[in-house]
Amino acid sequence: MEPGGARLRLQRTEGLGGERERQPCGDGNTETHRAPDLVQWTRHMEAVKAQLLEQAQGQLRELLDRAMREAIQSYPSQDKPLPPPPPGSLSRTQEPSLGKQKVFIIRKSLLDELMEVQHFRTIYHMFIAGLCVFIISTLAIDFIDEGRLLLEFDLLIFSFGQLPLALVTWVPMFLSTLLAPYQALRLWARGTWTQATGLGCALLAAHAVVLCALPVHVAVEHQLPPASRCVLVFEQVRFLMKSYSFLREAVPGTLRARRGEGIQAPSFSSYLYFLFCPTLIYRETYPRTPYVRWNYVAKNFAQALGCVLYACFILGRLCVPVFANMSREPFSTRALVLSILHATLPGIFMLLLIFFAFLHCWLNAFAEMLRFGDRMFYRDWWNSTSFSNYYRTWNVVVHDWLYSYVYQDGLRLLGARARGVAMLGVFLVSAVAHEYIFCFVLGFFYPVMLILFLVIGGMLNFMMHDQRTGPAWNVLMWTMLFLGQGIQVSLYCQEWYARRHCPLPQATFWGLVTPRSWSCHT
């Protein structure tokens, strides 16, 4: 195609030159000399184009070969490949990807790629401008009301109160996670079967007690504020999920090693690295970047801190003035509906800030410090046209764990036809975990998240499936997100202040689990 096109262009050029030579004009000699120069320049550009295409093709081939090598190396060496599926097994009622495993490759986070586009960076700058507006409005209101220009961080100081106690509590949680699962695995690999099973199970039981009971006891006994409780509960859930992944991935290879199949047990250094790297799927090795960009680490930590300040300003200016005295007014459906609609804007802001601060900034900072190559912690969930796609792309780190150890293992136990049951199991585990986190952080039980996630979210997952495409479905998904966040912020804020305005004269079980905002209207 190229040589023929080049000859055709050259013939047209020469034809044009010939016509110009025959034209009776005064500068005919000039046109005669310019035609060979034009032909030579065209030939030179064709040669340059061919050279550039050849170089690009070679570089692309090298990149693809390297990606294939890294993908092959990222497969766990201690596991045998899964047998091929029997003929006819890939039906509509069965799961074709039963043996699919997480493959780690070097790739950047999606927002880092989008930040290279000036148009998207402008949206980022708009959010920074919004933070500046909150700061200016806070200073202006304080100056008008009290005659001083001083930013107060009372809400931030209260939320992170007793943080050193939470960090001290983290130490035994970490040591338990570091030592108990690995030592149990070593016992199963080397000791006699009866003795190893008993000691290993005892170690894991002690590990579970430390992780489950210690943070709850510290939070209740010392009445930790919400942000300090967040540190404990997130680390508690993270350590439990990482411990399970390590044992789930390493135990099959360890049992085969006992039978003399020559499979080595996981190294302690790989397990230690796994406890800090931003993934919940254990592998002996991960793709690594060649060096650490410390300016990138500092930038992400600074952005995470900015998101925390942003959230404090949103709560202090848009939520506290509205809900602080709501429980002291008579209940009305109109006030409840208006409070939910008022909370949609701060609710969606909080959702975006949590996403950006944790899933992008925090995880990327730790990934960069540990040279962890695979930065796909999320995908383009904002473009989702179905809730099933939203749940898969919002938090890829947790989704990979649920898909590998709840959904796929559920299919292995129940059969490939039980896709619906396995999916309901994923929703149940995720909803209970989210409700437990909210209960731990806020200090009371109010199953708003459980109902929204398990009931409403489960229904929307089956109703708004992947076959729903088009802009209208994306608008509908965002509308449901706005309303859901408004319901959560409104109801949880009302319950928070109701429990402070109407304390129980005597603590009872039903008094602790019954929402106080339903009856506290003084």
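Heads up, the Cβ atoms here are built off N, Cα and C, so glycines get one too.
Judged by Swiss-Prot topology annotation, L38 lies on the same membrane side as T469. Just one residue in C277, C502 has cysteine sulfenic acid (-SOH) written against it in Swiss-Prot, and it is C277. Distance from the CA of H119 (cholesterol binding site) to the CA of C277 (cysteine sulfenic acid (-SOH)) is 32 Å. For H119 (cholesterol binding site), applying a Cβ distance below 8 Å and a minimum sequence separation of six or more within one chain yields no residues.
At the 8 Å Cβ threshold, with sequence separation of at least 6, the transmembrane segment (344-369) comes into contact with the transmembrane segment (471-502) through 3 or more pairs. With helix defined as DSSP H, G or I and strand as E or B, the motif 'FYXDWWN motif' (377-383) counts 3 helix, 0 strand, 4 coil. Only pairs six or more apart in sequence are counted, and the transmembrane segment (197-220) with the transmembrane segment (163-188) gives three or more Cβ pairs under 8 Å, enough to call it a contact.
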